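Worksheet for the structure shown next.
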Amino acid sequence: MPETEVYSVSSKESRPVVRKFLARPQPEGFGATVRRSIGRFELKYFDPFLALDEFSVSAPAGFPDHPHRGFETVTYMLQGAVTHEDFEGNKGNIEAGDLQWMTAGRGIVHSEMPAPHGTQKGLQLWINLSSKYKMIEPRYQEIGSKNVAETAKDGIKVRVIAGEALGIRSPIYTRTPTMYLDFTLKPGAQIRQPIPVSWNAFVYILEGEGIFGNTQSSPVTAHHLLLLGSSGYGLEAWNKSSKSLRFILVGGEPLGEPVVQFGPFVMNSQEEIDRTIEDYENCTNGFEKAKHWKSESTVFMGYY
């Protein structure tokens with residue numbers, strides 16, 4: 001991704017909050033619950049972001065075998081663990097603090113099933129791919145929690161999932177230029193984080209309450225999504241409460257391309273969607289291995 005542009009914060013205003021949504025719980029998968037903030041009826045698409053889910057799932061619920069094509073999924077675990085399997089034979093656990101950046105490209109069929117005990121929580125972000133990358137070979141980038149770039153300064157802790165903050169950079173390669181930052185602010189702390197010019201950006205609050213964009217703004221609490229305006233150097237946020245504030249800041253370069261979505265398939269035209277459905281149903285053109293594959297987790301839990 002391109003270098004983050006740094007501005008003189010004394011001469012530039014921060015980006016304002018232009019829209020706010022409360023992500024309410026809704027059912028998803030088989031017995032799971034998600035709080036969807038992007039991808040809902042009020043905000044179907046925020047270029048290049050297709051969906052953001054804060055999920056909560058306990059066995060035997062989960063997300064059994066399902067396909068993807070044309071975009072990337074970013075799974076970031078907050079609590080517990082899920083087991084990931086795909087039809088290429090890849091399998092592993094994504095545990096608290098771990099990151100999986102999956103480029104579905106031309107086709108993946110996989111499952112995401114929870115650890116057997118307790119409630120598993122995390123975030124999943126869907127990032128669109130440009131037309132030139134939609135049919136590339138699938139790829140994984142996985143980083144364990146202890147290897148996620150992290151630093152702390154002046155009451156601010158940041159985990160850099162993608163992009164750069166407070167002088168540290170993530171090793172994740174983003175085909176669609178993206179920043180993904182997990183901030184925790186102690187009481188009294190404030191942050192000024194640059195966002196590249198022309199990028200779309202949003203905040204999603206995980207814990208506590210904070211003030212964003214303007215010191216006169218009202219505090220915003222957990223499970224709210226804040227869309228940031230396009231003008232200004234970046235994000236400014238304050239924790240004026242007595243408890244810690246945790247939120248993610250996500251930004252991306254808009255693709256400016258047509259988007260046609262049919263569930264887990266995201267292409268540029270209806271013709272491409274129709275062809276994708278045929279490919280999946282016929283197990284061709286990237287879905288060949290789906291014909292005889294079932295994940296171990298979903299078979300064990302009785303979905304087949």
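Cβ from N, Cα, C; glycine included.
Taken from TrEMBL, the feature domain 'Pirin N-terminal' applies to 33-127. Positions annotated as Fe cation binding site by TrEMBL: HIS66, HIS68, HIS110, GLU112. Feature annotation from TrEMBL assigns domain 'Pirin C-terminal' to 180-286.
Confidence across the domain 'Pirin N-terminal' (33-127), taken as the mean pLDDT and rounded to a whole number, stands at 96. Taking Cβ-Cβ distances under 8 Å and a sequence separation of 6 or more, the neighbours of HIS68 (Fe cation binding site) in its chain are MET102, ALA104, GLY107, ILE108, VAL109, HIS110, PRO264, PHE265. Remark: secondary structure over the domain 'Pirin N-terminal' (33-127) totals 0 helix, 66 strand, 29 coil, with classes taken from DSSP.
For the binding-site residues HIS66, HIS110, the largest tally of other C-beta atoms within 10 A is found at HIS110.
Taking DSSP states H, G and I as helix and E and B as strand, the domain 'Pirin C-terminal' (180-286) has 13 helix, 49 strand, 45 coil. All protein chains considered, the CB of GLU112 (Fe cation binding site) has 28 other CB atoms within 10 Å.
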